[in-house]
Amino acid sequence: MAELDTLDIIVLAAILLGTVAYFTKGKLWGVAKDPYASSLAAANGAKAGKTRNILEKMEESGKNCIIFYGSQTGTAEDYASRLAKEGKSRYGLETMVADLEDYDYDNLDAIPEDKVVMFVLATYGEGEPTDNAVDFYEFINGDSPQFTLDNEPALGNLNYVAFGLGNNTYEHYNIMVRNVDKALQKLGAHRIGEAGEGDDGAGTMEEDFLAWKDPMWKALAEKMGLEEREAVYEPVFGIVERDTLTAESPEVYLGEPNKTHLDGTPKGPFNAHNPYIAPIAESYELFNVKDRNCLHMEVDISASNLSYQTGDHLAVWPTNPGEEVDRFLNILGLTEKRKNVISVKALEPTAKVPFPTPTTFDAIVRYHMEICAPVSRQFLATLAPFAPDEASKAEMTKLGGDKDYFHDKINVHHLNIGRVLEIVGKGKKWSNVPFSAFIEGITKLQPRYYSISSSSLEQPKKISITAVVEEQRLPGRDDPFRGVSTNYLLALKQKQNGDPNPSPYGLTYEITGPRNKYDGIHVPVHVRHSNFKLPSDPLKPVIMIGPGTGVAPFRGFVRERRKMVENGQSVGKTILFFGCRKSTEDFLYAKEWEEAKQVMGDSFEIVTAFSRESGKKVYVQHRLKERSKEINELLEKKAYFYVCGDAANMAREVNNVLSQIISEERGVPEAKAEDIVKNMRASNQYQEDVWS
């Protein structure tokens, strides 16, 4: 066989490479990029190549107003988006919305005086910053924040606006916006208008926001020389119909949160941007009564990189019920187009499409929009120009402009957007509304957080939650207002326990998920860290107050200490105050407490309050008061005191009773006792995990 010389080898190699290139074009290289694909398609919202310099971003995109948000449940982000739209449409501001965790803050001192920075900040839990605002909060409240220039004062050039979202049932009401406002002013920044505060505890958050923003805009217009103009809807997103794609096309998102889920290879880290599709290991009913449900559910995280600590929270990513999805698509005239494929494209450089595309109308509404949430008054005013007739337009304008009328007709009934459009338009289709208006005006469907009711010491790879199925009967409304997530979980529980077609209370869910990826009874989840923890010293006494599902984290605490005892450790006194209606109906985990007592002996005690078993209603705070002497003695031994459950009534009453116990048992004035309780909170000896 003749030998090949060097030239022959080069020519053959070139031919081989050319052949490979020809047959792999469009597969391994030269792949045409989808011009309409959303940036959110990348797993975990990858941010490679994005600048963290806020001034650079504002200058390159021609912006003069940036709205930062610190948001845990999406409301602050929604308000930030609404301020951005209103600033542009009413005053011609070039606005952009920014997640606080996406940028650095050391050049806030370099932002010129002709620009304005807005802060929309939620307070989370017991006076904590939201997850995405932690770094900013620590920076701005530091002893001496380091900025890029040598200005004196450091932020003397900065004009800012501030609005906070809080809950007056918590001790540290709106502490985030108050502390940030104080820090900014200390650094020499100039606030425009008042620092607004919305109160979720009083149910006035929306009206507080609306009442704050109008005088704020007036003050801002005066400061920056802005002229108000007639607000006209300008879309932030463009909708492009993708006629060449179908719902069966592999590149079309049918509810998958990102590209790795679409490809069927989801990867960690699993977090608030990227859920783990967890198998449900076990689920069962805890109540022994026909008209109410409470679920115990355990998810298996053994195949993920997720971990948790006792006292953390599990986030559940729900889907909307089919009935409300159908109602929404029908009233917009989109029923026949529900499976049509569309792409959503940002029409300006700083806007972010809130879900991956290409996708379908059905997937957007089912998996990404809070269509079941009560509608906002401001949004109704936005939709008025697109009403199907003059009568509907007039009604929407009145609802949007008259807060008392809106309250009586819409708010007290907790009506969602689909129901409002049905009622106002008397069944006529609202097909004139640009779909982009709904993407912009309806909050993104948020995960729901549940206190973990298992112990990581006992079962590190299984997480349990305890959830009462939400149902609220309201005057003037035919059907009850039902919680999205808990009814979704109820359907999953029914499916796991043998019902092939679960429809709790007439509601149906796509419980097998997009492309059946949740089949086999799975639920999308992630874990959120909590500071609600047992003392590091297991010999410390603990006093736990947890009526109803408020007992969830305390089940985890008790099981943790029970496991310690089984492992040969000693534990301090562990007292649980639990309350419910009747011992025969809703006494959660009754058998488990008996078993814990057998293992832990005198170190564990449960004190019960059954509110409907006698003529006089007895609650946990009453039982607490009955044990005044012992409670005070334990507190003097530095016992940790925990409360979980309803913030508005129970938690406040427990706080008051504790002050009374300390005052009476120690012989000190009530004012002094209240200071002692405040100091307990400040030192984490008194901890709360409460909700409104």
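A Cβ is built for glycine as well, from the same backbone N, Cα and C atoms used for every other residue.
Record features (TrEMBL):
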type: TRANSMEM; residues: 6-24; note: transmembrane segment
type: DOMAIN; residues: 65-217; note: domain 'Flavodoxin-like'
type: BINDING; residues: 71-76, 122-125, 165-174, Asp200; note: FMN binding site
type: DOMAIN; residues: 273-521; note: domain 'FAD-binding FR-type'
type: BINDING; residues: Arg292, Thr549, Ser611, Arg612, Lys617, Val618, Tyr619, Val620, Gln621, Glu653; note: NADP(+) binding site
type: BINDING; residues: Arg448, Tyr449, Tyr450, Ser451, Thr466, Ala467, Val468, Gly483, Val484, Ser485, Thr486, Trp691; note: FAD binding site
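Cα-Cα distance from Val484 (FAD binding site) to Gly74 (FMN binding site): 16 Å (rounded to the nearest whole number).
Among the binding-site residues Ala122, Val468, the residue whose Cβ has the fewest other Cβ atoms within 10 Å is Val468. Arg292 (NADP(+) binding site) has Arg448 as its nearest neighbour among the binding-site residues Gly74, Ala122, Tyr170, Arg448, going by CA to CA distance. Of the listed binding-site residues, namely Ser71, Asn167, Thr466, Ser611, Gln621, the sparsest CB environment within 10 A is found at Ser611. Arg448 (FAD binding site) counts 21 other C-beta atoms within 10 Å of its own C-beta, drawing on all protein chains shown. Applying an 8 A CB threshold to same-chain residues 6+ apart, the list for Tyr170 (FMN binding site) reads Thr123, Gly125, Glu126, Gly127, Gly201, Ala647, Glu688, Val690. Of Tyr450, Thr466, Val468, Thr486, all annotated as binding-site residues, the residue with the shortest Cα distance to Tyr173 (FMN binding site) is Tyr450.
Counting every protein chain shown, the number of other Cβ atoms lying within 10 Å of the Cβ of Tyr619 (NADP(+) binding site) is 18.
With a cut-off of 8 Å between CB atoms and residues at least 6 apart in sequence, the same chain places His313, Leu314, Ala315, Val316, Ile465, Thr466, Ala467, Ala552 near Tyr450 (FAD binding site), listed in sequence order.
Burial estimate for the binding-site residues (Val484, Lys617): highest at Val484, by number of other CB atoms within 10 Å.
Each residue contributes its Cα atom, and for Ser611 (NADP(+) binding site) and Val468 (FAD binding site) those atoms are 18 Å apart.
The 10 Å shell around the Cβ of Gly125 (FMN binding site) contains 20 further Cβ atoms across the protein chains shown. Across the fold, the C-alpha of Gln621 (NADP(+) binding site) and the C-alpha of Val468 (FAD binding site) stand 21 Å from each other. Note on the domain 'FAD-binding FR-type' (273-521): mean pLDDT across this stretch is 95. There are 22 other Cβ atoms within 10 Å of the Cβ belonging to Thr486 (FAD binding site).
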